[in-house]
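According to TrEMBL:
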- B:28-254: domain 'Cytochrome b/b6 N-terminal region profile' (DOMAIN)
- B:54-80: transmembrane segment (TRANSMEM)
- B:127-145: transmembrane segment (TRANSMEM)
- B:157-177: transmembrane segment (TRANSMEM)
- B:223-247: transmembrane segment (TRANSMEM)
- B:278-300: transmembrane segment (TRANSMEM)
- B:346-367: transmembrane segment (TRANSMEM)
- B:387-406: transmembrane segment (TRANSMEM)
- B:426-443: transmembrane segment (TRANSMEM)
- B:559-583: region 'Disordered' (REGION)
Amino acid sequence: MIEPGNDDATGSTAHGGTPAIPEEPIANPGLPAHTWRPTDLDEGAAKRAERQVAGFFFLSMVCTVLFIVAYFTLQIGDNFDTFIGLGASTVALGLALGGAMLFIGVGIIQWARKLMGDHEISELRHSASSSVEDREATLAALDIGIEESGIGRRPLVRNSLLGAVGMVGLPLVVILRDLGPTNNQVANAEAGTGLQHTIWKKGMRLVRDVVGTPIMASELEIGDLVNAAPEALFPTEENGYPEIEGVKLNVQKAKGAIIIVKMEPDEIKHGKGRENWTVDGVICYSKICTHVGCPISLYERTTHHVLCPCHQSTFDLADSAKVIFGPAHRPLPQLPLAVDDEGYLIAQADFDEPVGASYWEREKQ
Amino acid sequence: MSLDTSKVATSNGATAATAGKPSKLGGVAGWADERLGLAGAMKKNLRKVFPDHWSFMLGEIALWSFVVLLLTGVLLTLWFTPSMGEVHYEGSYDQLRGIEMSEAMASTLNISFDVRGGLLLRQMHHWAAMLFIASMMVHLLRVAFTGAFRKPREVNWVIGCLLLLLGTLEGFTGYSLPDDLLSGTGVRAADGFLKATPVVGSYMSFFLFGGEFPGQAIIPRLYIIHVLLIPGLLLGLIAAHMLLLVYHKHTQWPGPGRTEQNVVGFPMLPVYAAKAGGFFFIVFGVTAIMGGLLSINPVWKFGPYDPTKVTAGSQPDWYMGWPDGLLRIMPGWESVIFGYTISWNVMIPILIVPPTMLVILILLPFIEAWITGDKREHHLLQRPRNAPTRTAVMVSLMTFYGLAWAAGGNDIIAIKFHMSINHITYFMRVMVFLGPAIAFFVTRRWCISLQRHDNEKLLHGYETGIIMRSPEGGYSERHLPISEASAYSLTARDRDEIYTVEGDTDANGVVAPGSRAQAVRAKLSEKMYGYNVQKPTAEEIEEAHHHAEHEHELEAGLDHPADGHQFDGHSDHTVDEAPLRGH
């Protein structure tokens, strides 16, 4: 064993290349003397520790058996709520597995602390860098290698190789092109695809978002807020909309969701050119926040404010859904409303701007 | 002890030396060495010394929780279906039976309710992820506060920072996989972040989602990133992190017998192997108990993802909380330049500040080394007080992080404390700038006072708590010298050297090249070290001790604690014999 380094007692003064440091005020006293543990001196204590360690390992075995017993006896499924919101099976399996592992760990550490040798030993450090000879030999080998390859003397080879290797990365980038279509490729006003279009069309009914029933304008009370969707998402034989499901349905749900509120007609401050977009105090906006696209949901009927639960952007629904607080910049897009012959709410047209989060070419479309 | 000649190798010089009757272990080792030649490397490393300190365990928690993540993760993949194909859920969970959801969500419910131990695995996996990231962060703070990132360990610091970044991304991709309402909301926000990227935003969004959000590609893509790409990178970087740790040998705290040239501690075999190996079982066991008892990410309560729905109090996992907080307190700035939209309100908190923070973190050791001009290797750790400026910078960064993180819970704070969310947000907008500045100044002054306190302990000893009354009637507290070992430990630190510009003009008065940078460096060095308290010199200590001896003579006869009953007969006699509290 290497003896602790009392010889370098002056400690950190020995750095190379630094100016002389004033003498260390207190000399390094060297490693303190080793103190013996009770288990080193007393055979009885050592035996006791041995039994403790074995006891922990034994407890671990017991826990493993408990795990297997719990696995086969406790049922899961409906009873997940049996014990503080957790299934009895999960609790038992967790505790048993935890115990099985923990007791092995505790046993090993007890063994290390009480019974394994506890002499601290000292090892000399070496500089992280290689020795000067090694460095020189490596540099020399590098030089010879470069020289023999002729890469320095033949720039044509070198530069063309650099060009080739640089270009050969392009397939990797290019092959990613078909990860998905671009917005321009999918954009279609008729189908309601692309960032700038939704499935809303002139004359499409507004329906409740869960059951899909149309909404009678006269049935709404002042202060009501209805989460609604385009009728095309609930195709039936009567309304004649084509079947829609899977990805297409989710895409249209993600863009087409709306909120309808009814307030006193004279409380509404109509936006420019939007004077006839409401029906008797019923006004409709996109439900998708213009910040990063969360569905907004928290409505305060006395102030007509609606709040996005993700980042707390707040919009004033009485005033064209202008942002009155929070990180969003643009108002919620407004859906122009009308009623059909039967008195149900319908859209006059699609939104006149893209719904949801902003993007670079948004204003160009 | 007599020499056992049966174990001496016999060799006739023509064949390999053979040991007579090797032990079983020796036999296996010999077999292996003849094929793998490991003895050379093992010779040094089996008894490699690791120093001991509780704070060196933090990185170990991260390492072992990563192992728990790999084990539980592999098991979870056996049941999880990474698909967005729509199915009707028909499993055991009554409330969602018959509901249409993606296969990812349905298989997550299946794991939770119909696979025995499945919910335990899910919860262990999630808790281990929390432990993994939290312990990496605390480990990072330990390394920074003690100056362990100085030469030669800068590269390992960079690797560590990358591990933290990858761990965070791994966490995000992981909790998004169940395709539940909460994580789906997070994925949609991520779509918003991508779209806010200048020029290529909508393209990135369409490529990631395979078309318009939500598409049906995102879950399988996140899955392969989560189970192959990032874990592969993490494994490689962790291996490099550990190899460099072994190569550099661990840093140690200064103390008697511990110097820059040695490393003092327990040998790898058996003590450190046992302690570290045992600790794996402890981390595993604790994670299992947490997984069994503490509910986490109950996706069945959130329900399947529906792009038209959201829950109040929607928040990401805590380690994604600080960019989310910045996003919440950012004013709604957006500009349209030449018809193109630039969303500052998303770009600054998500695409600019977090990457900048990471770059600052990575550069910390390099900036410090440049300012100090210190090119020495450092293996002795510094107490945070002995590097006041570095400590203050770290606390300042932590304060920024903490405030941004708290801003990410502004809705929860508003509800729990009945406060106005608007006021909390306005307050945070100011505090993310003011808080770090205040923290910097307070921490620096605090460190410097602690340095002064250390010097007082060295020069005048520790406070015994004994109040002495002098014959003149004055009161003073008795001080006693600290032990030699603690005195040495307090002085075992470098004196700070302020970098000065030398010879910035040559004989003809021509300014040397690069001298402007040198002047900046000197100024920064002055700012960094100028107020620090240096350890006393040998003479100062000598003088102080001389002075103290004189004092002690006056105070002789009271080398035991006084309880005030010395003279009234109620004295507790054990007090008389008790030694004074040692230091």
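From the backbone N, Cα and C atoms, a Cβ is placed for every residue, glycine too.
A TrEMBL annotation is a machine prediction, not a hand-curated record.
Here the listed stretches are B:54-80, B:157-177, B:346-367, B:387-406, B:426-443, and the one with the most C-beta pairs under 8 angstroms to the transmembrane segment (B:278-300) is B:54-80. The transmembrane segment (B:387-406) shares the most Cβ pairs under 8 Å with B:426-443, out of the stretches B:54-80, B:157-177, B:223-247, B:346-367, B:426-443.
The transmembrane segment (B:223-247) is not in contact with the transmembrane segment (B:426-443), judged by fewer than 3 CB-CB distances under 8 Å for residue pairs 6 or more apart in sequence.
Using a Cβ-Cβ cut-off under 8 Å and counting only residues 6 or more beyond its ends in the same chain, the transmembrane segment (B:157-177) has close neighbours at 80, 82, 104, 108, 125-126, 129, 132-133, 136-137, 139-140, 143, 149, 183-184, 186-187, 190, 218-219, 222-223, 225-226, 230-231, 233-234, 237-238, 240-241, 244, 297, 316-317, 319-320, 358, 361-362, 364-365. Sequence-distant contacts of the transmembrane segment (B:54-80) (same chain, six or more residues past either end, CB-CB distance under 8 Å): 104, 107-108, 110-111, 115, 118, 121-122, 124-125, 128-129, 131-132, 135-136, 138-139, 142, 146, 177, 223, 227, 231, 234, 238, 242, 250, 276, 279-280, 283-284, 287. When averaged over the domain 'Cytochrome b/b6 N-terminal region profile' (B:28-254), pLDDT in the model lands at 95.
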